[in-house]
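These notes are about the structure you will find just below.
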Amino acid sequence: MSEVITQEYTEDGKVLRRIRSFVRREGRLTKGQEAAMKECWPTMGIDYQPELLDWQQVFGNDNPVVLEIGFGMGASLVEMAKNAPEKNFLGIEVHSPGVGACLASAREAGVTNLRVMCHDAVEVFAHMIPDNSLHTLQLFFPDPWHKKRHHKRRIVQLEFAEMVRQKLMIGSGVFHMATDWENYAEHMVEVMNQAPGFANLATDGDYVPRPDERPLTKFEQRGHRLGHGVWDIKYQRTA
C-alpha cells in the first residue's frame, strides 16, 4: 500500500497544508479481476507518468472525452461507455480491485472506448490531462466526510474547482457531480457558485434531474433504501 497525499483547505478554499486523505489499500483481487488486469491492461490501462496525454493517441480518434474520478467497481462507467460509443471515457480509481472489476466488465461488454488508471486523480490532473480538453468531468458519490470537522477533506473545494475548470473545454465542458448527502450537495453548490468561470446548468433551483446518461448506481440504490435523496449538479465552464 502507499499513502496518497491531498490538500487540507481553509474555509475559503485556500490550501492550509498537505494531509493524508486516505491510504491506498491494494486489496485482494479475485481471480477474475486479476485475469482481467493481465489481459486488458495493455490495451485499456494507462500507467501514470508525468507527461500530458494525447487523446488521439490514447483512443485512436478525436471523439469527446468524458473523465470520471472514483468509479468504484466500474459498473456504471462501463454502462455509460457502452451506451455512448460516440464518446471516449477515462476512469481514475485508486483501488486496484475496482480497476480489475471494471476491466472485467468492460471486456464482457465489449467496449473499446474506455481507458482506466489506478492512481491519485489530483496527480493525474496536474501532470497528464491537457488543458481545455475534457467534454465532461464526472464525480459521482464521492466520500461525503459527513462530520463537520472533516468537511475540509471533501474533494470539492475551490482549488479543485479551478483545476477542473482548466481541464474542461471553454464554453462547453461540464462538471457533473452527484451525491446522496444533502449537506454535501449544498457544499458543492456553495463552492461552485464561488468558483470563477462556471455557470450552474439547473433551470429550476440548484439541481438538475437525474440525467438519462447516468446509470442508477449501487450508491444511489443504497440511498433510496435509506430514504436519502440524490442530488445531481452540473456546472459548465464559461471562461
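The backbone N, Cα and C atoms fix where each Cβ goes, and this holds for glycine too.
Annotation source Swiss-Prot lists S-adenosyl-L-methionine binding site at Glu68, Glu93, Asp120, Asp143. What Swiss-Prot lists as active site is Asp143. As annotated by Swiss-Prot, substrate binding site applies to Lys147, Asp180, Thr217, Lys218, Phe219, Glu220, with the evidence given as sequence analysis.
Structural mapping of features recorded in Swiss-Prot.
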{"residue": "Glu68", "record": "S-adenosyl-L-methionine binding site", "Cβ within 10 Å": "25"}
{"residue": "Glu93", "record": "S-adenosyl-L-methionine binding site", "Cβ within 10 Å": "24"}
{"residue": "Asp120", "record": "S-adenosyl-L-methionine binding site", "Cβ within 10 Å": "20"}
{"residue": "Asp143", "record": "S-adenosyl-L-methionine binding site", "Cβ within 10 Å": "15"}
{"residue": "Lys147", "record": "substrate binding site", "Cβ within 10 Å": "8"}
{"residue": "Asp180", "record": "substrate binding site", "Cβ within 10 Å": "21"}
{"residue": "Thr217", "record": "substrate binding site", "Cβ within 10 Å": "21"}
{"residue": "Lys218", "record": "substrate binding site", "Cβ within 10 Å": "12"}
{"residue": "Glu220", "record": "substrate binding site", "Cβ within 10 Å": "20"}
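Listed in chain order, the residues near the S-adenosyl-L-methionine site other than Glu68, Glu93, Asp120, Asp143 are Ile69, Gly70, Phe71, Ile92, Val94, Ala121, Pro142, each with its Cβ within 8 Å of the site Cβ centroid. Closest in space to Glu220 (substrate binding site), of the binding-site residues given as Glu93, Asp120, Asp143, is Asp143, taking the CA atom of each residue. Closest to Asp143 (S-adenosyl-L-methionine binding site) in space, going by CA atoms and restricting to the binding-site residues Asp180, Thr217, Lys218, is Asp180.
Looking only at Cα atoms, Thr217 (substrate binding site) sits nearest to Glu68 among the binding-site residues Glu68, Glu93, Asp120. In this entry, S-adenosyl-L-methionine is bound by Glu68, Glu93, Asp120, Asp143, whose most widely separated C-alpha atoms sit 15 angstrom apart. Among the binding-site residues Glu68, Glu93, Asp120, the residue whose Cα lies closest in space to that of Asp180 (substrate binding site) is Glu68.
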